[in-house]
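Presented below is the structure to which this report refers.
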Amino acid sequence: RFIAKPCAINLGIQDSGPHRAQPNAILEKVFTSITKSPDGKRLEGLSKQLDWDVRKIQRWFRHRRNQDKPTTLTKFCESMWRFTFYLSIFFYGIRFLWTAPWFWDTRQCWYNYPFQPLTSRLYYYYILELAFYWSLMFSQFTDIKRKDFLIMFVHHLATIGLITFSYMNNMVRVGTLVLCLHDASDFLLEAAKLANYAKYQRLCDAFFMLFGVVFIVTRLGIYPFWILNTTLFESWELIGPYPSWWLFNGLLITLQILHVIWSYLIIRTAYKALVRGKVSKDDRSDVESSSEEEDVTSNSTKGVFSTSSNGSNRINGHVASGQWTGE
């Protein structure tokens, strides 16, 4: 409110929402009481009742669905908050871990386990991360709606479970490695969103490409060969199959499955960016990006750019196809 919003205004980001649908009592009643995406049969009935063209009714429903979506200013403020946290906690973690022996030798995570001291810096690092992910868990229900709600819900559950479980079992050393590794790429994605909202397309492209490289290197390279290697094999070798070994590693492997899914989507987005000449959007929101030009496309082209009932081709995930500005 006091930092992000003034920054957005200085960058020329307006607090204006999508095009609003013209008032219509009949369509509003259908929208609020029956369906937000009427099928063909219902559209034909409404067309006869109102003496409106079917395309005009479809456009009305699209505008009505979009008018409740957050503005670019709102999205900028949310991304700036997340960017600030991710960047701050990443550098805090790096500064703390740089002098930690287990950062350079993962076998140190298991020496003298579980009798390992919990320093104040390690404690605050854990508590800050846990508090933030709990806030993400709750804010999912009130923040900008994302199409990957379920997959992010699973991610937050796994992350909170891992942080809590590792803290209770004094596995904080390996836990700090997991946290720092995940924070390494997140602030780059938020930076790309900020650049996009401010309409700095080249900067957005650069941040997104950097994010993709860092994400894939850390989540598909360092994470399995550094983190999973120590939790699956080095821990078994040094302290044996402790009772919680299966649960702990099960949660870590769940994260790795999500990493693979997101990496596929990032690679696909990067490929489309090379073809189209600019980076695609983070397509997790419900805002539909059909333009007025598409609305007045003649019937002769109908079906060439056919979309799903919600107005676009979308899939769940960290990133997907489309235009960044649609988020």
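Here the Cβ of each residue, glycine as well, is placed from N, Cα and C on the backbone.
Residues annotated as domain 'Homeobox' in TrEMBL: 27-71. Positions annotated as DNA-binding region by TrEMBL: 29-72. Summarising the annotation, TrEMBL assigns transmembrane segment to 83-103, 123-142, 207-226, 246-267. TrEMBL lists 284-327 with the feature region 'Disordered'. The compositional bias 'Polar residues' annotation in TrEMBL covers 301-315.
Mean model confidence of the domain 'Homeobox' (27-71) amounts to 79 (pLDDT, 0 to 100 scale).
Long-range contacts of the transmembrane segment (207-226) within its own chain (CB-CB distance under 8 A, at least 6 residues past either end) are made by residues 106, 177-178, 181-182, 184-185, 188-189, 191-192, 195, 255-256, 259-260, 262-263, 266-267, 269-270, 273, 279. Counting residues 6+ beyond its ends, the transmembrane segment (246-267) has Cβ neighbours under 8 Å at 151, 154-155, 158-159, 161-162, 165-166, 169, 171, 178, 211-212, 215-216, 219-220, 223-224, 227-228, 231-232, 315, 317-320 in the same chain. Outside the transmembrane segment (83-103) by six or more residues, the chain places 109, 121-122, 125, 128-129, 132, 173-174, 176-177, 179-180, 183-184, 186-187, 190-191, 194 with a CB less than 8 A from a CB of the stretch.
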